[in-house]
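Q: Here it is, the structure in full.
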Amino acid sequence: MLSVVVFLPLLAAGVLLAAPRLSARAVLTTWTAAAAVDLVLVGVLWSGYVDSGGKGTAGTRLAGPTAYETDLEWIPSLGSGYHIGVDGLSLPLVAMTAVLFLACAVYSLRDRPERPRGYAAVFLALQTVSTGLFVALDLLLFFVFFDLSIALMYFVIAGWGHGDPARSALRFFLYTFVGSLALLVGFIGLYLAADPHTFDMVDLAAQNPLGGRAAAGGAVLLAVGLGLAVKTPIVPFHTWLPPAHTDAPAVGSAILAGVLLKMGAYGFIRIALPILPEAWRAWAPAIALIGAVSVLYGALVALAQNDFKRMVAYTSVNHMGYVVLGLGAAGTAAAGTAPAAAELAITGAAVQLVSHGLLTGALFLLAGVLYTRGGGYDMGAYSGLAGPAPRFAAVLAVAVFGSLGLPGLSGFIAEFQVFTGGLGLAPVPTALALPGILITAALLLRALQRLLLGPRVLPPGTGFGDLRPQESAAIVPLLALSVVIGLLPRTLLDVLAPAAEAVAALVLR
Amino acid sequence: MGATDPVDAVLWVLVGLPALAGAALLLGGRRAERAAAPAATAVAVALAVPAAVAAVHRPAVTAPALPGIPFGLAVDGLAAIGVCTLVAVFAAVVVFSAGEREGAGGRSRYYGLLLLFAAAMLATVTATDLFTLLMAWEVMGATSYGLIAFHWRHPRTGSSAAVSFLTTRTADLGMYAAAGAALAGGARGLDLGELAGVSGPWDHVVAGGLLAAALGKAAQLPFSFWLSRAMDGPSPVSALLHSATMVAAGGYLLLRVEPALAATGWAGPAAAWIGASTALVMGAVACVQHDLKQLLAASTSAQLGFVVLAAGVGGVAGGAAQFAAHAAAKSLLFLVAGLWLARLGTKHLAELRGAARGHPLAGTCFTAGALALGGMPPLSLWAAKDLVLAAAEPPGLHAAGLAASALAAGYAGVALAAVWSSPAPAASVRTAGGAGPGDARHAFAERLPLIALATAAVVTGALALPAVGHAWSLLLGRPGAPAPGLGEAAVSALIAVVVLAAVMLIGIRRGVPAEAAERRGVRPLRAWLGLEPAAGALVVAPVLAAARGLAAFDDRVVDRAVTGAASGVPRLAGVVGRRVEPAVEAVVAAVATGARGLGDYARRPQTGQAHQYYAQAVTALLVAALVFVLAGAVM
């Protein structure tokens, strides 16, 4: 069942490439249909997981109960298998991925990309890769999906980008690929340390292969952390992000920020915390501090931007900083305890992954709307858009307030938990990061004010039509889900919180 | 707790009804344009039922939210006062707005945001834990942003809304810190009732954080300036949010967490002195304003200073009285100011001369509100302020409170003098040329709220009666609250009467002084002490400079380091290609040449003659034997 969810999009991509002479419309409709079916299947998975009381099939393992598990031999000589399954941590991310890819498919119905067949195929393949990464329970499998996501996103930016896409795409590819090599080194280190040698995450977490070996544990954590830090991204490994975003097509940016960045942060929760608990705890104060620096640095640099898309890209650095801060703070708790604060901080970090996916996805699609109307992202070129485009204004306002952490939307649920859990555990980094929500508010409100309010100004020779139905249908559900999480956090936390609790228990064992 | 009692569900209705109605209006957009005002009016009136039930029944509900932290609402005595005050003022403002046809061009947005605000404020006053409180608290700020920027085409409103939101959010960081400290200090579920028992050193963070958040929202020093900018919003919005309720929520919060302030030893006195200073300084600021809305805004800061003072000295009964009485009086004054702004096209005091004479009903209501504001006996704020000052034991604090009362009488007198003095020739022309004065034109929907609020502002003075005051203290669960003595009440009454009469007499005779003729010391006061430019210079400018600096650093250093490292790779490749590669090739060639040479040597023994081969074999055997012998000797 889970494998169907993972590979259905790839199958659809194959059909699209094989079928002769499809019209652009048929290609895009097929893409949307495949993404929709995949989302329905994920919904079935979700309800099955919740109905079983989250008991799954295999008891408590990596992050709470695992369900829909498949464990087949793949490369037995390396101790690596096709081991997939969902638990409370991966299920929300799988669902968010399915939602975001469907939103992108719907958005493209209106956006009409060139060479639609390749476009749809690349995105469908990317969906398989992303979903596969989140359900992988084997390090080698995880790594393969990790690298494939980089390669596919390279094609998206290089093939359908604007500005200087070839350069940005190459830069993105090389930077994140080098990061992935560090990740591979770390994984091999884990493999060698394990006895018997294995790449299986569940076995590795149970073994705690580097327990009691501080130097080796630190070195492996450094390698794994470096690889994930580039992808997350964490300051100072973030400079590939702004050009990649600015030059990518809107849908590519939404996926890049919404799904691909999550792979890095997800790797920390999935791999670094449970498999390297002692090394994580040893370095947790420094990690929390790095998170706080990312928060402030991302916010401040975003404040200085005039390019809307570049600004949103830097707020991603800020938002991912809260994740690192929360995970670092959780690691500072004393071993052998699992205080409520640590669980809260990890829960907050995990919620932030889902929340940021939804909100940033919406913001980048809105940036795409801006680009299709006015041909640029320079905020100085627009003013008073609330007049000609009231729906655009309303949707952008909701996305902006969600992104700045307004209660009632998902971002607040994430950030409140990170701060509340983190302050007692890591007071200095958390207090340092606190002004981040103020600076983010300032820069996002300033953007809102420049774009929407005041007298009407448009780039010469352009008109600004309001959101089209397809655009609304793509963006509004993302915000609606954010509101659902913001107002009824239990819908998400009933699944996520037990997983966070299990991760806290593993890292503090 | 929980939903054991079905009546408890009334709390969900109380908060949910305006929230859902507001969301529906906002989502409806243009389609909801015509239905907005009637729908909002219906909801505002209907809210009276759950509010009354909640005030009597005292329900409490919780719902699971975060791990270990529930979403909780409950009504106690203080919350009952908060709920009733909000519902009453909200109904008055909505009915008035409907009568004034406020919100033209965006009624669904106007009423939708008002309804959302009401829901958030109701949740704020009934919240039982910091998570719920912070949620409601920040949603209030966001609706305030939307309402200040309601006339969004105007170039100034957007930045005014942002200044207001960001200033209060700066202070709100304190509440985030307080939540973290409460968890660390062992307050179960972040319950507000447990904050006083938080372990050290977190108790100081909790108290300090909440104090900061409250001071920001209540526009106390040094945050006061945002309230001046908030006046760019529509007048009914100022009446509801930026005087009676949202701003007052800052004072309300401190009353709610008063035990936590008192437990630290320093937070209570700090609150008291900041409240007293704000009452004094902003009172003086209010006295010299030329703009009626600015005068009222400054007086809001000053009057809420008394609530903050009360919370600081543990005078919850007095503070709650001041909260409720001020809400009635001040929302009334703002509504009348809005009425005159719509009718006469001005809020400038000099141009409002004689406004009260032209609009007797509005003028009378305005007078009642202003007299109450000035602390005239036996009206509401006189009684409330005496309750507050009765709890303020340190003589310095008490004296500061009395001086602030005198200033309150002063600014009330300034406003009254302006609207009752004989119209200036220019102003009368404007009045005659405008929509035309006369109460006949005031719709019922405008009169009713004014009369109701004026009545409330007057009769709340009954608190001065010992029996009523005692019942009030009981309602708040503070039976032993200090009550003012007869002498104290007489002194405060005398101060109010004398100052108000003197200011009015002088004011009516002289009129509002022209800007050129004023003394030098007045200008900074009129400019709200330059607090906004100061915040700009001390906070905003350094942050912006840091942002620009870091952005440049990001482009020129971080990014260049990466590209530099990356471009190092091709350079290295060049070096390898030009230097290392030929060298390696040379080595390979040398090895090849050497091998060929060795091959030549190897070919020499192959002579093809048998005796030479034998000789070679013998030589080889001899060498082998020698090696054996030597090796055996060595071993």
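Backbone N, Cα and C atoms are what each Cβ position is placed from, and that goes for glycine too.
Reproduced below are the annotations present in TrEMBL:
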DOMAIN    A:136-430  domain 'NADH:quinone oxidoreductase/Mrp antiporter transmembrane'
SIGNAL    A:1-18  signal peptide
TRANSMEM  A:89-107  transmembrane segment
TRANSMEM  A:119-136  transmembrane segment
TRANSMEM  A:142-160  transmembrane segment
TRANSMEM  A:172-194  transmembrane segment
TRANSMEM  A:214-230  transmembrane segment
TRANSMEM  A:251-276  transmembrane segment
TRANSMEM  A:282-304  transmembrane segment
TRANSMEM  A:316-338  transmembrane segment
TRANSMEM  A:344-371  transmembrane segment
TRANSMEM  A:392-414  transmembrane segment
TRANSMEM  A:426-448  transmembrane segment
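Map these features onto the structure and tell me what's around them.
A: Using a Cβ-Cβ cut-off under 8 Å and counting only residues 6 or more beyond its ends in the same chain, the signal peptide (A:1-18) has close neighbours at 27, 30-31, 34-35, 37-38, 41-42, 45, 68-70, 84-86, 94, 98, 101, 117, 120-122, 124-125, 127-128, 131-132, 135.
Listed as Cβ neighbours of the transmembrane segment (A:142-160) (distance under 8 Å, sequence separation of 6 or more from its ends, same chain) are residues 113-115, 118-119, 122-123, 125-126, 129-130, 132-133, 136, 166, 168-170, 172-173, 176-177, 180, 183-184, 187, 201, 231, 244, 247-249, 252, 255-256, 260, 263, 267, 270-271.
Under 8 Å from some Cβ of the transmembrane segment (A:251-276) lie the Cβ atoms of residues 62-63, 89-90, 93, 96-97, 100-101, 103-104, 107-108, 111, 113, 123, 126, 130, 133-134, 139, 142, 146, 149, 153, 156-157, 160-161, 183, 190, 201, 204-205, 208-210, 217, 220-221, 224-225, 227-233, 244-245, 309, 312-313, 316, 320, 323-324, 327, 330-331, 346, 349-350, 353, 356-358, 360-362, 364-365, 367-368, 503, 506-507, all in the same chain and six or more residues away from its ends.
Same-chain residues lying 6+ beyond the ends of the transmembrane segment (A:282-304) with a Cβ under 8 Å from its Cβ atoms: 214, 217-218, 221, 225, 234-235, 238, 311-312, 314-332, 422, 426, 428-430, 432-433, 435-436, 439-440, 442-443, 446.
Outside the transmembrane segment (A:316-338), and at least 6 residues removed from its termini, the chain residues within Cβ reach (under 8 Å) are 232-235, 238, 241, 257, 261, 264-265, 268-269, 273, 277-278, 280-281, 283-299, 301-302, 345-346, 348-349, 352-353, 356, 360, 403, 411, 414-415, 417-418, 421-422, 425-426, 429-430, 433, 436, 440, 501, 504-505, 507-509.
Long-range Cβ contacts of the transmembrane segment (A:344-371) within its own chain (Cβ-Cβ under 8 Å, at least 6 residues beyond either end) map to 89, 92-93, 96-97, 99-100, 103-104, 107, 111, 162, 245, 249-251, 253-255, 257-259, 261-262, 265-266, 269, 273, 308-309, 312, 315-316, 319-320, 322-327, 329-330, 377, 382, 392, 395-396, 399-400, 402-403, 409-411, 413-422, 425, 451, 467, 471, 474-475, 478-479, 481-482, 485, 489, 492-493, 496-497, 499-500, 503-504.
Tertiary proximity for the transmembrane segment (A:392-414) is limited to same-chain residues at least six positions away from its ends with a CB under 8 Å from its CB atoms, namely 315, 319, 322, 348-349, 351-352, 354-356, 358-360, 362-363, 366, 369, 385-386, 437, 440-441, 444-445, 447-448, 451-452, 464, 466-467, 472, 475-476, 479, 481-483, 485-487, 489, 492.
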Q: Could you pull out which residues elsewhere in the chain have a CB under 8 Å from any CB of the transmembrane segment (A:172-194), counting only those six or more residues past its ends?
A: 78-79, 139-140, 143, 146-147, 150-151, 153-154, 157, 203-204, 207, 209-210, 213, 216, 219-231, 237, 239-240, 243-244, 267, 275-276
